Amino acid sequence: MLCLGIDPGIGRVGFGFVEERGSKLSSVNYGCIDTDSHLMVQDRLSLIYEELKNRVKTIRPDVLAMERLFFGQNLTTAENVWQARGVILLVAAQEELPVVELTPSEVKMAVCGYGKASKSQVQEMVRCILSLESVPKPDDTADALAVAIAGISIFKVQRLAEGKC
């Protein structure tokens with residue numbers, strides 16, 4: 001199984017493709033899609049769409065996992081990130097990818113075994129699980145890989161629950 005994990009944003013979208021073969025997980029491709037803050041929002045969204053669509057068409061994941069977001073008071077940031085999520089979900093729909101949405105605590109639980117793990121603990125576990133030499137940078141990349149790791153687990157459980165072993 002190949003899972004695309006996404007850490008959504010408008011300025012930077014972290015992505016990570018994680019493959020499961022037997023009991024081993026490995027990273028296939030990861031990085032960030034960066035958008036220039038001087039661009040109009042629609043141009044930033046278009047860039048996210050095009051870059052993500054190209055990667056999905058090339059790498060062909062089986063499932064897309066994305067973190068659910070919770071915002072406090074900054075509604076402008078929330079609005080822009082929700083728009084980016086919409087573009088990401090559009091790519092998933094066009095490519096007929098099932099989508100798994102995870103809360104931050106679900107990701108932490110799946111990766112670290114503790115739903116209140118710190119960011120550095122999650123990053124170190126990502127490094128260990130994927131046998132990487134160092135923690136992927138920037139943080140958005142490590143977060144996306146963590147989401148992909150968790151997404152594989154959750155997707156398998158969902159399929160079992162639906163009777164699709």
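The backbone N, Cα and C atoms fix where each Cβ goes, glycine too.
According to TrEMBL, the active site annotation covers Asp7, Glu67, Asp140. The Mg(2+) 1 binding site annotation in TrEMBL covers Asp7, Asp140. As annotated by TrEMBL, Mg(2+) 2 binding site applies to Glu67.
The 10 Å shell around the Cβ of Glu67 (active site) contains 23 further Cβ atoms across the protein chains shown. Around the Cβ of Asp140 (active site), a 10 Å sphere holds 24 further Cβ atoms from the protein chains shown.
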